[in-house]
Amino acid sequence: MSQSASIPTNAAPFSALPSIHTLLLEAKAKKSLTFDAIGKAVGKDEVWVASAFYGQAKFSAEDLQKLSEVLDLPHAELTAGLGDHWFPYRGLGSAVPTDPVVYRLYEGIMVYGHPIKALINEKFGDGIMSMIDCYVKVDKKPDPKGDRVVLTFDGKFLPYAKW
C-alpha cells in the first residue's frame, strides 16, 4: 500500500475506531476516491457515507455489497466487521474537540447555539431539530474574498411531548 493510503491509526479520531473503519479509509485513499464518488456508487449522500466511514452511521447488507465492489474489499470481511451485529457508537472525540475544523464547528454552536435555539422555538414552538432525521450538505461557494463553506443542516422538527 502506498504511503498516501496510510491512515495514522494511533491518532484521534482513528484510534477510537474499530480497525474495519481504518480499512475503509485506507481503501478509499488507495483508490483515490472521494466520499461523493463512493456515495454515488453506493446510492447514498456523501455526508452520510463519510459518517459511516467514521463509524457514525450503519451500512445495510446491500450497502456493504456495493462498498465491497467499489473499494475492492472482501465482502465477507466487511460483513464480519460491519454486519447486522454491529451498531454505531455515535459521538467521536473529547467534550471539547481539538481538531481546528471540528473545534470551529463546536465554537459556532457555542456562539450561535442559543440564538439558533431561540429562533427554532419562535418559529416552531417548544422542541428540537432532529439529528436522527437530518440531512447535511457541505457546499463550496466562490467569493471574491475567498471561497466560502456552506453548511446546511436540514432536520425534522420534533415537539416535546406533554404528558
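Just so it is clear, glycine is given a Cβ too, placed from its N, Cα and C backbone atoms.
As written in TrEMBL, here are the features:
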ACT_SITE  ARG104  active site
ACT_SITE  GLU107  active site
ACT_SITE  SER130  active site
DOMAIN    55-78  domain 'HTH cro/C1-type'
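Annotated features taken from TrEMBL, shown on the structure.
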residue: ARG104; record: active site; CB count, 10 Å: 11
residue: GLU107; record: active site; CB count, 10 Å: 13
residue: SER130; record: active site; CB count, 10 Å: 11
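The two recorded residues, SER130 (active site) and GLU107 (active site), have Cα atoms 20 Å apart. Averaged over the domain 'HTH cro/C1-type' (55-78), the predicted model has a pLDDT of 96. Across the domain 'HTH cro/C1-type' (55-78), the DSSP tally of helix, strand and coil residues reads 15 helix, 0 strand, 9 coil.
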